[in-house]
């Protein structure tokens, strides 16, 4: 470091800022993350990364890694206040085992650990692993020379098998108790909703159906029970039927993709050892699942009395993927401008476009063609020519209130898992508990279905038959809570500075929110559609 060089000044300022924000090194050896294990109050804790340095404030408070490495005894003796300490030396320990005693030259790496140290080397020719640490004063004005060194020690361990070499990383991350709390929390919500739905289906609704079928359809009876009064309007097609059909087609595509991906990950096919396997599997499945998307969209559009099935196919195949592609292209443009190594090459973008238009769009057309040739769904009751007047609704039965309330309970099932997922994306922590995630995914399906059916029944009793879009938005509103939580996570958990970094975070977040909105909304819609079809098919109507 030359104090007269402006470029060196900027680099030193960047290094100090990185230490203050607890920036981490993330190393990979033989496709395995190199972990740093340290002792904390609760025991041993390992992380798949280590800090570039640490900082001691002018009040003597050791921040981040300094709080771990600096003991109270040597705080005053060895370390200075208001000073940065750079970890410029690492002791790497590589554990291996031999494949067999005969093949002496073949050995497999089964563990990689390191311990960061701070040593003030005189120069490259006089290295020392003892003495004072590598300190950088907060207001450093003198010339500075930093030498980075490392040491490697190989240890043989015959007890660790190649297939279980990731176990020591996973076992050192104490999140299991929190995950079980998350599952129990989700189960309580599901039991509550199941109890409510069972009470309605087995008691209230069952009694309603019996009375409707036994009564003589008098004026007085009809006024007492609201949901049968709208039988002539409950299957009246909604506004923007083509857009709704496109959303449902894309939602089915995302739902099946998510289910298969989590199912494969749950059984270890997409483990963290296969870097990028999870995302690759999801993209390939999305491309190949164009046929179900086109079929569901076209069939629902025909059920809603739509006739322009080709326009519906184009909307299904292009609308949501276009939004996601434009978002990713804009993010990639920022990464190119910033010179980031995470930027996707132009050839990869062309490959993604080729998969979209060469595979996904033709498969969506095939599904839309098959769906348009099928007979439309036969509704259990006829639709009146003249729409029924909807009475004045109270505040609690208005659509907005139901939509806002409908997203609370599904979000309550996932918010703890969401914290770990965001940590794995933005804090470079590994996410490996796909069994928990798959279980939470199933609970989310049940919760979205039950919450939507419950609110749908209440609105039908209030003689409001506009349920199509409301069923989609009721469970889909969970995505809004996901976005609010992501904003909270950005401002409270992350220390991201710079406009480009903020745009990247919210760009990726918007893609997550859109995908989540599509498949939760689709779950709620088809649950409500099945519920309404069932209750009106068992009622006798004049």
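Backbone N, Cα and C atoms are what each Cβ position is placed from, and that goes for glycine too.
Features of the protein shown, as given by TrEMBL:
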TRANSMEM  180-202  transmembrane segment
TRANSMEM  246-270  transmembrane segment
TRANSMEM  276-301  transmembrane segment
TRANSMEM  313-337  transmembrane segment
TRANSMEM  343-370  transmembrane segment
TRANSMEM  400-426  transmembrane segment
TRANSMEM  432-460  transmembrane segment
TRANSMEM  467-491  transmembrane segment
TRANSMEM  503-532  transmembrane segment
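Note: the stretches the transmembrane segment (432-460) and the transmembrane segment (276-301) are not in contact (fewer than 3 CB pairs below 8 A, sequence gap of 6 or more). Under 8 Å from some Cβ of the transmembrane segment (276-301) lie the Cβ atoms of residues 241-242, 244-246, 248-250, 252-254, 256-258, 260-261, 264-265, 269-270, 309, 312-313, 316-317, 355-356, 359-372, 374, 376-377, all in the same chain and six or more residues away from its ends. Counting same-chain residues at least six beyond the ends of the transmembrane segment (400-426), those with a Cβ under 8 angstroms from any Cβ of the stretch are 175, 178-179, 181-182, 185-186, 189-190, 192-193, 433, 436-437, 440, 443-444, 447-448, 451-452, 455, 458-459, 470, 473-482, 485-486, 489, 493-494, 505, 508, 520, 524.
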